[in-house]
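Q: Feature list, courtesy of TrEMBL:
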DOMAIN    B:97-295  domain 'ABC transmembrane type-1'
TRANSMEM  B:36-56  transmembrane segment
TRANSMEM  B:101-127  transmembrane segment
TRANSMEM  B:139-156  transmembrane segment
TRANSMEM  B:162-181  transmembrane segment
TRANSMEM  B:223-241  transmembrane segment
TRANSMEM  B:247-270  transmembrane segment
TRANSMEM  B:277-298  transmembrane segment
Amino acid sequence: MGKYIVRRLLQMIPVVLGATFIIFAMVFALPGDPTAGKCGERPCSPEFVAKFREEHNLNDPLPVQYGKYLGKFVQGDLGTNYYGIPVKDDLAKRYTITGRLALMAIAFEAIIGILAGVLAGVRKGRFIDNLVTVSTLFVISIPVFVIGVLLQYLFGIKWGLFPATVPSLEASTWSLVLPAFVLGSLSIAYVARLTRTNLVENLRADYVRTAAAKGLTKSRAVGVHTLRNSLIPVVTFIGADFGGLLGGAIVTERIFNIQGVGGYIWKGINSRDGVAVVSAVTVLVIVYLLVNLLVDLLYGVLDPRISHD
Amino acid sequence: MTDSLAVSVQPTAGEDVGEARSLAQDAWRSLRKNKIFWISVTLITAFVLMAVWPSLFTRTDPTFGDINNVRDTPSGAHIFGTDGQGYDIFARTIYGARASIIVGILTSLTTLIVGGVVGIVAGFYGGWIDAVVSRITDIFFAIPLLLGGILFMASFPNNPQSTPYLVIVGKVVLTLTIFGWPSIARLMRSSVLQVKPNEYVLAARALGASPLRIIRSHILPNALAPAIVVSTINLGGFIVAEATLSFLGIGLTPPAISWGVAISDALVAVRTYPHILLFPSLFLSLAVLAFILLGDAVRDAFDPKSR
């Protein structure tokens, strides 16, 4: 197990390097002048521009810039953004709220998605099955930003059931409920469909027939034997989806005015703030890879036949 | 293997007993009876027609803005009403199909080609080639589609006035391809690994067939089905991704006409004029739905377990 984790962590290194280099190259190609508008109404003096470019290594060729950035990154120094604010402090604050949002979205996925999937799978072909199948298709086919704006209007403004926007970084969990549901909506639908498909397939397996023949109740046969086996692809999906959630947060955070990582990346792109964008995305990629490692380790818990030795 | 399996599934199928049917023929037989398959095919045909020949559906000029009639509710003259610029929403919705359908179909094709080739190379050759190619796949897989798309489109922005339509659309396709191919590559690799140890591949190799020939006539036909199915389902996702990029203001931008642009324009006025939002979203969702249902139907038909 320990050996497996070490091997996986070593494999992550080239992936992180490659992914951050791609991001770095794209940010490097961002058009526009990062010093534009930094000096108020008048254009910046040549001395300021020269100093700014020197400080942020903007005069070096791309690989050298990347190397210098990486050197600092490994030492835990994420640099300062173009406004002189340490990126680390900014990211810590913003990852807290985006992380809360993403975790709540995953909770919605796991609870609503799996529950709906189980209900549909157990009563295959009945009303509840059709309801789940049709409503999940409905959700999948509507873009998330449309769902977000509509739910914000209906629940937040028209009926006033939930807060329509998230005012601050220290937002209450209650005000994040609606954004988290919107962020997770697509995945809730996918999780429900995936659970249903796998459950239906596994319910036909021999061991379920054996369990029934032994006289086990249906709820035990489903809950203990079948569900555990059916959850492996679902767990894989949720893990792989984590990165997508952090990316999709850009849209959700924009709709609900959340000052999280998505908004940070978006603002960084628009103000040509390379360091901020690269650092935010690098952390995101690392988190994503770690979550996937965790998922692979979970396989062993769900299915004892899978071992990591 | 697939042939013998197909025959054993339906040993007495009327007059063509003894005639070995391929898996594809079998799948076609079950598809033909599937209502959902025909519904989605009809919808897709309609949308493709709209994309190719929009004037077949409407004679109204989608670029004519009637400032005297903005935000009209549906009426005889404008059956879907008019939007904030006085454009006829029906005409805009019909003409908007082109961008979404081109982006969807082209991106699915390019991801299938890129991901397919990468997956076959990794799965077929194995060894260090597999290790290198798989790590490269992992690198692109680690960057979320939407995030990569946003960064890429922001790095190479359009000039809406001078960039030709096809370049703008091509850029969206390129972006979504760069960050969309890894899932197909992984899928393709695993299906190649499943097909490779089969006896007919060993036999072909023993008879001296070249790697290219083995791939072309043995591996590819037997490993392609899952990738095609997933590409079809992904197609809907790419249409949504294009709309999302347009919503953020960096995908297609006006004067380009697309559902994504129309939806993001309409969202501003959703509280007062919801009908402007309704029609482009409805068409977009129907298109996405049609491709997902088609993919589902084809998958079920190709999956012998579900019969």
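In case you wondered, yes, glycine gets a Cβ from its N, Cα and C as well.
Note: TrEMBL annotation is automatic and uncurated.
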Q: Residues sitting near the transmembrane segment (B:247-270): Cβ under 8 Å, six or more positions beyond its termini, same chain?
A: 62-63, 71, 83-84, 89, 92-93, 95-100, 150, 153-154, 157-158, 160, 165, 168-169, 172, 276-277, 280-281, 283-284
Q: Checking distant contacts: for the transmembrane segment (B:101-127), what same-chain residues at least six beyond its ends satisfy Cβ-Cβ under 8 A?
A: 47-48, 50-51, 133-134, 136-137, 169, 172-173, 176-177, 180-193, 196, 211, 214-215, 219-220, 223-224, 227-228, 231-232, 234-236, 238-239, 242, 287, 291
Q: With a Cβ cut-off under 8 Å, give me the same-chain residues at least six positions beyond the ends of the transmembrane segment (B:277-298) that come close to it.
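A: Those are 27, 31, 34, 36-37, 39-41, 43-44, 47, 80, 89-90, 92-93, 96-97, 100-101, 104, 228-233, 235-237, 239-240, 243, 259-260, 262-263, 266-267, 269-270, in sequence order.
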Q: Given a Cβ distance threshold of under 8 angstroms, which distant residues of the chain, six or more beyond its ends, lie next to the transmembrane segment (B:162-181)?
A: 99, 102-103, 106-107, 110-111, 114-115, 118, 140, 143-145, 148-149, 152-153, 156, 234, 238, 241-242, 245, 251-253, 256
